[in-house]
Amino acid sequence: MAYRKPSDLDGFIQQMPKADMRVKVQLAEDLVTFLSDDTNSIVCTDMGFLIDGLMPWLTGSHFKIAQKSLEAFSELIKRLGSDFNAYTATVLPHVIDRLGDSRDTVREKAQLLLRDLMEHRVLPPQALIDKLATSCFKHKNAKVREEFLQTIVNALHEYGTQQLSVRVYIPPVCALLGDPTVNVREAAIQTLVEIYKHVGDRLRPDLRRMDDVPASKLAMLEQKFDQVKQEGLLLPSALKNTNGNGVGLDEADNIGLRERPTRMIKRPLHSAVSSSLRPKPNVNDVTGDAGAVTMESFESSFEVVPQLNIFHAKDMDDIYKQVLVIISDKNADWEKRVDALKKIRALLILSYHTQPQFVAVQLKELSLSFVDILKEELRSQVIREACITIAYMSKTLRNKLDAFCWSILEHLINLIQNSAKVIASASTIALKYIIKYTHAPKLLKIYTDTLNQSKSKDIRSTLCELMVLLFEEWQTKALERNATVLRDTLKKSIGDADCDARRHSRYAYWAFRRHFPELADQIYGTLDIAAQRALEREREGGGGGGTGTGTGTAPETRRTVSRIGRTPGTLQKPTPSMRSISAVDTAAAQRAKVRAQYTLYSRQRKPLGPNNSNQASMTGAAASGSLPRPRLNSNSGGTPATTPGSVTPRPRGRAGVSQSQPGSRSTSPSTKLRDQYGGIGNYYRGATGAIPKKASGIPRSTASSRETSPTRSGGGLMKRSMYSTGAGSRRTPERNNPVRPSAAARLLAQSREAEHTLGVGDDGQPDYVSGDYMRSGGMRMGRKLMGRDESDDIDSEASSVCSERSFDSSYTRGNKSNYSLSGSHTRLDWSTQRAPFDDIETIIQFCASTHWSERKDGLISLTQYLADGKELTQQQLKCVLDMFRKMFMDTHTKVYSLFLDTVTELILVHANELHEWLFILLTRLFNKLGTDLLNSMHSKIWKTLQVVHEYFPTQLQLKELFRIISDSTQTPTTKTRIAILRFLTDLANTYCKSSDFPSDQSQACERTVLKLAQLAADQKSMELRSQARSCLVALYNLNTPQMTLLLADLPKVYQDSARSCIHSHMRRQSQSCNSGANSPSSSPLSSSSPKPLQSPSVGPFASLQSHHHQLSISSTSPRSRQSSVEQELLFSSELDIQHNIQKTSEEIRHCFGGQYQTALAPNGFNGHLQYHDQGQQDSCASLSSNSKTQSSANTTQSNTPESATMRLDNLERERTTQNAKSPTDDAKVITVSINMAENGELILASNLMESEVVRVALTLTKDQPVELLQTSLTNLGICIKGGNCELPNKHFRSIMRMLLNILEAEHTDVVIAGLHVLSKIMRSNKMRHNWMHFLELILLKIIQCYQHSKEALRDIDSMIPRIAPSLPLDLSINIVNPVIATGEFPTNLCAIKILLEVTEHHGSEITDAHLDIVFPNLARSADDTQSMVRKAAVFCIVKLYFVLGEEKVKPKLSVLNPSKVRLLNVYIEKQRNCISGGGSSTKNSSAASSS
């Protein structure tokens, strides 16, 4: 087709619609040439026609034509100037799309067009960037995002910060640091660097305040900023506006700063920099969306309605019918429909909804019409008016609108994604009104289903935002039915692909947590580490828009604001690489360091405690492994902190091997000292200053070895080399398992600091129970110096403990022992040096790191954290377990070795909470044993499995082992099978009782026995075959009847094979028995696995142990079945036991020397409820003076709640139980025989010393037998009431920890016994100076126990009047007042009763200020839904009335309703008559306290 070049614009406009591509290309070139020539006139018929003709070129698929169209627009902008502004709204969106073109030339022309718009004043730079930002920051095309960042940089360079405010763009730019595209991330970094050049150091704090900036990115940006500053690239605007940030610059710096011309710069080439971390962007809209409606516009429109002429109720019906017809007619004029929707609001304003048929009939009719509008209406004004009407209906009708909302909700949600902003925003606000006012549980299903299934990110993001409002506005009761669905939905949305949805979901999580803390913990435990950190940041930052507030139920441990960095990469760094051993004389360097440290230490050392005089190798408060130590700062007297520039020689001797050389001790422990953060030694520094590593696996001679052996270390007593706490102590498996119910968490939220204080120790005093008894209340007891009480030669330099090789086999689990340092004869207090990190969240971050050195530091710190007696919260524990699942197959040997230490420590602390994790633990350890390992690693895994044996219930272990063996989906290796069978054999032989064997004949048992029989006939591996046969025999020995039944169900072939194995073993055993000592057996195979008697054999009553009353040992000791000889010894002593019972009971009953009498009140409650029980019991408690040594004989005990050699048998149990069950018997006079020793100690019945009572009490936990707990607590109460309280004061914190644990028990009698002891403590003036520091914790714990049971409630009711005289007024009011205000029944009732009794006993001290504090809450309680709370509040107000007088209280009564005031007047009059009649004013108060 012939082409003729046009001569004017009208000619170009006429030819533009032509379809010939060649013509278009030529026409486009000619048009650009025409427009670029200033001599050519641009006058035409209509410039709009030219713009309309260029638009298809711009949006077409031909890149050359699109490029020419951009050039043509640029030329038009130059010619028209500001007149082009009329066309920017049409052109700009398509220019944005061309920014993402695949051709570089097209993108460049688009950039030039944007520059021309700013340069020729078509749009101011700020206005143009704002318009672009609304869509470019979140544009789906990565090229658009990248080019827009370049546009910001160009504009900034061209116009500077005077015309362009960049602060508003920083958050969305930071969000792009986590963009999936590498080029966008690089462009974002470059953009921030360019912004820094203009604004200077003001940018740094803004970036640090943004939690969504990954720490690695922040560190990179800081480095680039520093580089820019050092190179003098900062512009004058940055230096002028620093406002003091640049004060550090000297003249030379200023000279180096040069002005740079503000000109357009070429875009730098992108280099592929990978980013491994994806942030959670917190992108806020830069500007408001044009056309969007707001909540204010809704509110102002609610009552903008037409006036209705209503004269009769029928008129309203007529109007309603007209409205219904109009809004249902799709063909009606849209203005009429808008007016009809307004009339609906007008009818509601006139209370039309009060008519009975409105909700039942007319709302249903309206819902159908509204569904049609929301589904099919195209007019935005109609939909907007419908949304306003829906919002007003929800605000007016509230829950009556539930059926209506259920009908329209799904369609209303679908409008969120509408491209028209007015529709999307109106529907969103209508949804907010529905959530705020219509609390209908049936609506939640639609919310959650849509959120889970919607593919629109706008819908998901908005619904996540609405979830925050949902959890803030709705009551817990309305959410309970759908709690699990909400949990699953919230969990999914936290991991949503859209950043805004994730952000709102994190806010919603903390709001959800206030309703369901347990379910929130479940969500937290399933998240990965990054998501958990993001959650914590939202909580710390307070969230956005008031939605991210934290709650009292969240984890206590918070990261500090000033902490450096956020991830392991930016936290504490390890020291530089060590010098070679050949570089310096390492021995001299180390000895010099030791001398310097000791010199510093000797200036600060404290005298030894009274109980540590024998422990010469320990100093100060560190004499016992579990005692509190002064936390010395490394900069204030302790070991000086190592500077980054310092280096420390690193000896290259094999770990754990003493390599003495002629004339040298360079590898003795004194040369193993390390820097503060010098690697693995940080963990063990608290013990020895040396580095006790695992064995290297290199064969070594033991002929001249100084390695510890069981016959030398610990006084010749057997102990576990790795996890034992020393020859004189035994870490027991029973421990305080803190229960954290939501109610308790809410009640005790204010007292966590007090509970934390309890974990510090007894004011630095040595605790004589430390190292001998188990930890209680979260404080670890059970670390003492190895063998200090047994042997004095352990301090000698030649002793086994001092040798380096002994570390591998004798270091304690907590590593709190101090060893002699060879060559110097000095000892340092290594407790001043800590693990790399103390903050648990930092530790968890490091453990989750991908770098092995950071994981190592994290594991070291976590091990030390647990070893210090601290416990993890439920959230932290779940997070740690999730990380550990990945660490089980860690390929780095050093990290895995530390990991096993940490796992062991975790088991020791949290065994009771790891039952569900046991299957994973065993499976992973067995799989690891199936790989090729060093001998040292192999033995270490088995040591961990030994701890599993001892700290998990044997029945649970059997169940999980059967599950592992019978799992047909797994095909373990031969080595793995051998490890499993060996573990099972050891368990059955050593730890199980016959009752532990599953008795339900489950399929798992049958498959397990079948599998064992198959493996016992395996022909490939002799070792596997032998181990399988041993396992069969062990199980048969464990429970012969059950195994016989299981074997009978096997196929004939395997049945014969298994029986042959068992019979052959029986024959061997019978032969060995015939050749040895003949002893009767209790089962055919009782001698096949000899199990030594594990119960202690010390103390005067050790042999008087009935098989029914083995409270301290037999119920949990690691014996499966004792031989008949042992059983006969026990049975033969039954007569002696009964004789002793009767004799001791008679002595207690008839002995009157040194007695004190306690009369029980008629109701049986005066704080000594159990005396009449325990007075008839033989408290056979005997801890011999050398019990430390004797208890060490049982270091291999397992599953025992007590390791102390203690006997507390409850005699005449039936009588005790009967008495305990009837505490309201008639008044009885109880006599308890006590005497006083020369040293001031009490001597109770059966010569039980007060020190023994306290010692035993400190070992109590809530899971021990009820009779034992009652006996021990009763004895402790006697000592507190009748003694001088010297010992209870000395160990007050340990006693408090024990009592707090006891009060968590499930058994009511145990809780009551604990409350009695607590009552005596609070009534003891001698202990007042101690318990006053923990008053808040004590009162809140009492209030918490009030909801335990009816018996506990009655006991507390009788306890409150007795402790009230001792309570301080101000502090007590401050504690109970918040509980009265916010507590739930019955905790608020208990708080009111405490306030009533305090008012009764401290009436003269009450002031107007006190009345102002408590009266508003009492007034609200007077209208409580619970009648008992109302009654107690009324009695309390009456008491205040008489204490403070009518003139002060009566004005306050105005807040009460008239009926309540009349009721108060009745009670006041009755009280006044009672007082005038000579009655006591306490009667009514007592009635209130018992109501």
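Each residue, glycine too, has its Cβ placed from N, Cα and C.
According to Swiss-Prot:
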type	residues	note
REPEAT	163-201	repeat 'HEAT 3'
REPEAT	402-440	repeat 'HEAT 4'
REGION	537-586	region 'Disordered'
REGION	600-739	region 'Disordered'
REPEAT	874-912	repeat 'HEAT 5'
REGION	1065-1127	region 'Disordered'
REGION	1167-1205	region 'Disordered'
REPEAT	1408-1446	repeat 'HEAT 8'
Quiz prompt | Tertiary contacts of the repeat 'HEAT 4' (402-440) (same chain, 6+ residues out, Cβ under 8 Å) | solution = 289-295, 298, 363-364, 366-368, 370-371, 374-375, 380, 383-384, 387-388, 390-395, 446-447, 450, 456, 458-459, 462-463, 466, 469-470, 473-475, 478
Quiz item: What are the helix, strand and coil residue counts for the repeat 'HEAT 4' (402-440) according to DSSP?
Solution: 33 helix, 0 strand, 6 coil
Self-check item: Predicted model, mean pLDDT over the repeat 'HEAT 4' (402-440)
Solution: 94
Quiz item: What are the helix, strand and coil residue counts for the repeat 'HEAT 8' (1408-1446) according to DSSP?
Solution: 33 helix, 0 strand, 6 coil
Exercise. Pull the DSSP breakdown for the repeat 'HEAT 5' (874-912) and write it out as helix, strand, coil residue counts.
Key: 34 helix, 0 strand, 5 coil
Quiz prompt | Chain residues in Cβ proximity to the repeat 'HEAT 8' (1408-1446) (below 8 Å; excluding those fewer than six residues from its ends, i.e. six or more beyond) | solution = 1369-1370, 1373-1374, 1377, 1380-1381, 1385-1386, 1388-1389, 1392-1393, 1395-1396, 1399-1400, 1452-1453, 1455-1457, 1460, 1463-1464, 1467-1468, 1471-1472, 1475, 1481, 1484-1485, 1487-1489, 1491
Self-check item: For the repeat 'HEAT 3' (163-201), residues assigned helix / strand / coil by DSSP
Solution: 33 helix, 0 strand, 6 coil
